[in-house]
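Lifted from Swiss-Prot, the feature list:
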ACT_SITE  Tyr23  active site, proton acceptor
ACT_SITE  His100  active site, proton donor
BINDING   Asn74, His80, Asp87, Ile101, Ser102, Arg111  substrate binding site
SITE      Arg18  site 'Transition state stabilizer'
Amino acid sequence: MVRFLLLNGPNLNRLGMREPHIYGHTTLAQLEKQLTEFASEYAVELTCYQSNYEGALIDQIHRAESLYDGIIFNPGAFTHYSYALRDAIASIQTPVIEVHISNIHAREPFRHQSVLAPVTAGQIVGLGVNGYRLAILALLDMVEGKGK
């Protein structure tokens, strides 16, 4: 069975409550349940983890290399400045897809740049929570050798 890690960064524990006009009304618990069910339809075991702490996310990325076939990662605001997360991603062979619920390129100027994107396998932005589903499918394609 293929195993993926879903990482959500700072403030994503506030999904459904924080700026629903931008991030929607789906809570993190609802999203994780939906994605776990969706992944299982493709014989993918999905493990979900959220932290507001950079170091905890780095530890999960390092650990993932020996445990998971791919990572779906919404780094939240760390996207724009965390060189530590960038280095963690660059240090592993496991493919990472960066996901953002909103279109970071159409928001405030400070959100336009991702320091992580150059070391990820891809980036999905602006498609709401559906972006996570697309990331699961894209990663599955990559690990099965179809997306190379």
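The backbone N, Cα and C atoms fix where each Cβ goes, glycine too.
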For Asn74 (substrate binding site), the one of Arg18, Tyr23, His100 that lies nearest, given that the recorded positions are compared by Cα: His100
Excluding near sequence neighbours, so keeping only residues 6 or more apart in the same chain, what lies with its CB under 8 A of Ile101 (substrate binding site)? Ile22, Tyr23, Gly24, Asn74, Gly126, Leu127, Gly128, Val129, Gly131
Note down the number of other Cβ atoms within 10 Å of the Cβ of Ser102 (substrate binding site), including every protein chain shown. 17
Mind giving me a neighbour count for Arg18 (site 'Transition state stabilizer')? Other Cβ atoms within 10 Å of its Cβ, every protein chain shown. 11
Asp87 (substrate binding site) has its Cβ surrounded, within 10 angstroms, by a count of other Cβ atoms equal to 13
Measuring Cα to Cα, how many Å separate the residue listed as 'active site, proton donor' from His80 (substrate binding site)? 12
Within 10 angstroms of the C-beta of Tyr23 (active site, proton acceptor), what count of other C-beta atoms is obtained when all protein chains are considered? 19
Spatially closest candidate among His80, Asp87, Ser102, the listed binding-site residues, to Arg18 (site 'Transition state stabilizer') (Cα to Cα): Ser102
If you count the C-beta atoms lying within 10 Å of each candidate's C-beta, which of the recorded positions His80, His100 ends up with the smallest number? His80
Count of other CB atoms lying within 10 Å of the CB belonging to Asn74 (substrate binding site): 25
Once DSSP output is merged into helix, strand and coil, Arg18 (site 'Transition state stabilizer') belongs to coil
